[in-house]
Amino acid sequence: MAAAAVSSNPRTVEEIFKDYSARRAALLRALTKDVDDFYSQCDPEKENLCLYGHPNESWEVNLPAEEVPPELPEPALGINFARDGMQRKDWLSLVAVHSDCWLLSVSFYFGARLNRNERKRLFSLINDLPTLFDVVTGRKAMKDNKPSSDSGSKSRNGTKRSIDGQTKSSTPKLMEESYEEEEEEDEHGDTLCGSCGGHYTNEEFWICCDVCERWYHGKCVKITPAKAESIKQYKCPPCCAKKGRQ
């Protein structure tokens, strides 16, 4: 059937990424510019429907492939059934998540014969683009400035004390409009203050304990950005108390 037809057989990293980008553009249009048309086509009264993105940048709502196993990995089945049981934005977000998964599965199906470095390069190219979920939900993704576990102590400490987004060279950049400049908050969004339990926000100064690696609001532990610069190794109040008991 048309939905399962493959118009190309990409083999190199560049060809596979081009295929990914075209399919992604198609799905993105269905979920944004053509969203009213897409929404109306996903009638819950119809049979199991899938959203397909094709290499020619066209999208299609259709029944799944009849052959088993299908020629390509299939997108999520029955996206139409949940349409009227959810808020529109939540349903579109759900479709976007499943569509992101499908795009990856198709790309790595084509990339089955790639070697390790080629797969890594392919994923890097894909990862540089915002996901459909990012775009549909308006979620801002920000750069990963969280230090790796094997980074040097100076760099690690400097970064940990610089989450206030000020002008030090090791600090994260302030939020900007482009996707490439907006990935830090996504990384730290689930971080909770070890004192008050509040969520991380980019507007406040945070500091990380070098012993237990918990994060704290500077105001909760009475540490200012200026004071943090003079501390070689920061220990949070619980760690200081623990050492005192020992």
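Cβ atoms here come from the backbone N, Cα and C positions, even for glycine.
Given the structure is predicted, the values throughout are model-derived calculations rather than measurements.
Marked as N-acetylmethionine by Swiss-Prot: Met1. Look at Swiss-Prot and you will find Ala2 tagged as N-acetylalanine. Per Swiss-Prot, the feature compositional bias 'Acidic residues' maps to 177-188. Per Swiss-Prot, the feature zinc finger maps to 190-242; the stated evidence is sequence analysis. Per Swiss-Prot, the feature site 'Histone H3K4me3 binding' maps to Tyr200, Trp206, Asp210, Trp215.
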Helix, strand and coil residue totals from DSSP for the zinc finger (190-242) stand at 11 helix, 8 strand, 34 coil
Please work out which residue of Tyr200, Trp206, Trp215 has the most C-beta neighbours within 10 angstroms of its C-beta, and give that one of the recorded sites.
Trp206
Average pLDDT across the zinc finger (190-242)?
85
